[in-house]
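Data block below; observations after.
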Amino acid sequence: MLTKELIWLFYSPDELAAKNKQYLWHPFTQMKDYIAEEPLIIARGEGVKLYDVQGKGYYDGFSSVWLNVHGHNVPELNQAIIEQLGKVAHSTLLGMANVPSILLAEQLIRLAPEGLTKVFYSDNGATAVEISLKMAFQYWQNRGIAGKHSFITMNNAYHGDTIGATSVGAIPLYHQVYKPLLFSPYVIPYPYPYRDGGDEASVNAMLDQLEQLLEEKASEIAAMIVEPVVQGASGMIIMPNGCLKKIAELLQAYDVLLIADEVATGFGRTGKMFACEHDGVTPDIMAVAKGITGGYLPVAATLVKESIYEAFYADYEEQKTFFHGHSFTGNPLGCAVALANLRLMEERNLVAEVAHKAEYLADLLKPLAGEPHVGEIRQKGLMAGIELVREKDKKEPYHWNERIGVRVCKRAREKGLLTRPLGNVIVFIPPLVSTLEEMSDMISILTEAIAETTRHCEEAVQ
Ligand code: PMP
């Protein structure tokens, strides 16, 4: 039998690196660059650290793309999977159920903003969004209301990489090339106070555009999709308080559904269980993924209000069924580990802890604001972005070709911290269980990496 240890004996780190380059195509990665560099190959994880095949440890400073909650190799989560594995690894939800999927749905509804009553599973953020869009679209048709065929999205939105989710995406670098393939939503700005004249001006400009659009086009708009409170992939842009509430009120007044994409913000990340809670908003449809399983297995869900569910609840002959599903929908292993994750979050009072740790993180980040090339530091809970600028006074961005974000993250990796940039914005999203000491260590590394890289970049220009 091939045990883990034997596999290690068979393949040296160099051999694994060679096989990596020969066989793998990585997401969001220019393979020409990847091939030219020493690959990072993770062998194991423990707590908030990941270890590569050479044995070097790295802080997981971006929660393995924003999803880790309790750290890696967590005994309680491992055990939940092992126990479920002894029962059944997978059985479908098409026309039948399995035990963990039922119990998890109950917990999700208990924790979700009040008024969400039904859970439709899928297996990643993009599919949870895809389902949200299709449900919103069909909802109006099932109710016999014709013509509501369009959507509203926000500038620089990111909702995943399937075609529907890409259609409501608005980051030119990722989405422009597919335009001929996509449906075209209306796009309004996401308030970006740093660049758009401060909190009030940026919010008012957005609300004015939204209201005007609704005034003219509400009868043809099914729903608006929003990344509530933090717009992640655009660079951790944060909505001023009360903004989401105003959006929700406008949409309700004009009979347009609100889809909250909580894929990145859900499960305690922003200091509330769901970001919508910051403004006391219950969306009509809510997409969740990432943190749901503590970052262990791919489970996602779309939660809806009873009124949405009811529009699909009809006699068979009426054909109002939601004809959508995935092979691994409601996977029992994933749902079992999600249940264990939520249990552990409650035992550790983790959401309240995040709010407390966020204050500490804000203090840690403060000195960075004095760095000559740090334009703005944005933070909500344990979700932070540091925007680097070439010229601080003029807020002049670094040019794309300077790869400043990439270079800072490379330096941080050399020093033992993993994260990925969003253009010129350095992401800091540690596992929610990170201790104050661990966060302090991580921010020290990040500070050094930013200072050294920006200085180097300056020297290169002189
Ligand atoms: N929505 C948001 C807000 C996200 O941040 C992401 C992923 N970063 C997605 C959707 C897509 O999720 P997934 O990668 O699981 O498809």
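Every residue gets a Cβ built from N, Cα and C, even glycine.
Since this is a predicted model, take the numbers as computed values, not measurements.
Feature list (source: TrEMBL):
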type    : residues                               : note
BINDING : Gly125, Ala126, Asp261, His326, Ser327 : pyridoxal 5'-phosphate binding site
BINDING : Tyr158, Lys290, Gly325, Arg420         : substrate binding site
COILED  : 200-227                                : coiled coil
MOD_RES : Lys290                                 : N6-(pyridoxal phosphate)lysine
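Structural mapping of features recorded in TrEMBL.
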| residue | record | Cβ contacts under 8 Å, 6 or more apart |
| --- | --- | --- |
| Gly125 | pyridoxal 5'-phosphate binding site | His159, Gly160, Ala165, Asp261, Val263, Ala264, Ala287, Ala289, Lys290, Ala300 |
| Ala126 | pyridoxal 5'-phosphate binding site | His159, Gly160, Asp161, Thr162, Ala165 |
| Tyr158 | substrate binding site | Gly169, Ile171, Tyr174, Glu227, Gln231, Gly232, Ala233, Ser234 |
| Gly325 | substrate binding site | Leu93, Leu94 |
| His326 | pyridoxal 5'-phosphate binding site | Ser122, Asp123, Thr127 |
| Ser327 | pyridoxal 5'-phosphate binding site | Thr92 |
| Arg420 | substrate binding site | Phe62, Val65, Cys409, Val427 |
Neighbour tally for Lys290 (substrate binding site), based on other Cβ positions within 10 Å of its Cβ: 27
Cβ under 6 Å from ligand 1: qualifying binding-site residues of Gly125, Ala126, Asp261, Gly325, Ser327, Arg420: Gly125, Ala126, Asp261
All-chain count of other Cβ atoms within 10 Å of Asp261 (pyridoxal 5'-phosphate binding site): 31
Rounded mean pLDDT for the residues that make up the coiled coil (200-227): 98
Largest separation between Cα atoms (Å) of residues that the record links to pyridoxal 5'-phosphate, namely Gly125, Ala126, Asp261, His326, Ser327: 22
Arg420 (substrate binding site): secondary structure state under DSSP, collapsed to three categories: coil
